[in-house]
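A.B. asks: My questions all concern the structure below.
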Amino acid sequence: QISSMPLLSMHSRQISWTPLLLLGYLFYLLLGAMVFQLLEKQAETHFRDQFQLEKLKFLQNYTCLDRQALEQFVQVLMEAWEKGVNPEGNSTNPSNWDFSNSFFFAGTVVTTIGYGNLSPSTVAGQIFCVFYALFGVPLNLAFLNQLGKGLNAHLLTLERWVQKPGRAQVQLAIFLTTGTLLFLVFPPLVFSYVEGWSYGEGFYFTFITLSTIGFGDYVVGTNPNKHYISVYRSLTAIWIVFGLAWLALVFNVGADLMERYLQLKWHKSDLSLAEGDTTKLEDEPEQPRIHIPS
């Protein structure tokens, strides 16, 4: 009877660690909100004031314009940008809807990156985009799933080939390092050279793209002052697909390790509580038992 008490106590105290994960998730969001507000709000205020100052200087230099005309022109610029037309340059800028750019856009749709700098403007294009994404997103997920299974099988094969203890971890480290170089380290060098970005900006674009966050503040092949090769954005789209599969595998491994760590910590706390109950029961004197003959 005494040996069964710790198990009952452990099961009665064992609470799912899901609420703890939920609290951690909400705390992480709150922490991110506070940090982003601290870092970005003051800069936004500065840029807003600077923009208003530039508009006043423009009106002072061109007295033939009034504020209402200027605001209307700014609205025209905003609408052009929302339609994917770069206000810089002139009408000789390359089209956003040639085959290479359209191929790149199709890739951003099915991968759910959605930079936001380009979108269909016609009703037919919008309707087609809906149905294209409806079937394309599951197709993309199925493809990435199979690609991820292939990468997992490759890792398992490496583990079977390695006989000595510790060598499997070395092979895994080599695999992750190779993927990091191919998808996160070397591409920013290419983007820095082609787009004129700094390496930090190229790395930022690389990670934001492969993680499917896709803010749209940095997009390849959109500078009207540069001449890109026709397959540049198509090759970038292919790189994105394979990079997505690799980074998704890394994220899945990280999530699995985090989940196991939380479950292990919670399980250890339950065991410690159960052991404390066992010690307390063993310290108590055993109560006399009354034997009733049949």
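Cβ from N, Cα, C; glycine included.
In TrEMBL, annotation is done automatically, which means it is predicted and not curated.
What TrEMBL lists as domain 'Potassium channel' is 92-149, 181-259. According to TrEMBL, the feature N-linked glycosylation site maps to Asn90. The transmembrane segment annotation in TrEMBL covers 20-39, 99-118, 124-144, 170-190, 202-220, 232-255.
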A.B. asks: By DSSP, how many residues in the domain 'Potassium channel' (92-149) are helix, how many strand, and how many coil?
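C.D. replies: DSSP composition of the domain 'Potassium channel' (92-149): 39 helix, 0 strand, 19 coil.
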A.B. asks: What is the pLDDT of the domain 'Potassium channel' (181-259) when averaged and given as a whole number?
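C.D. replies: That region's mean pLDDT is 89.
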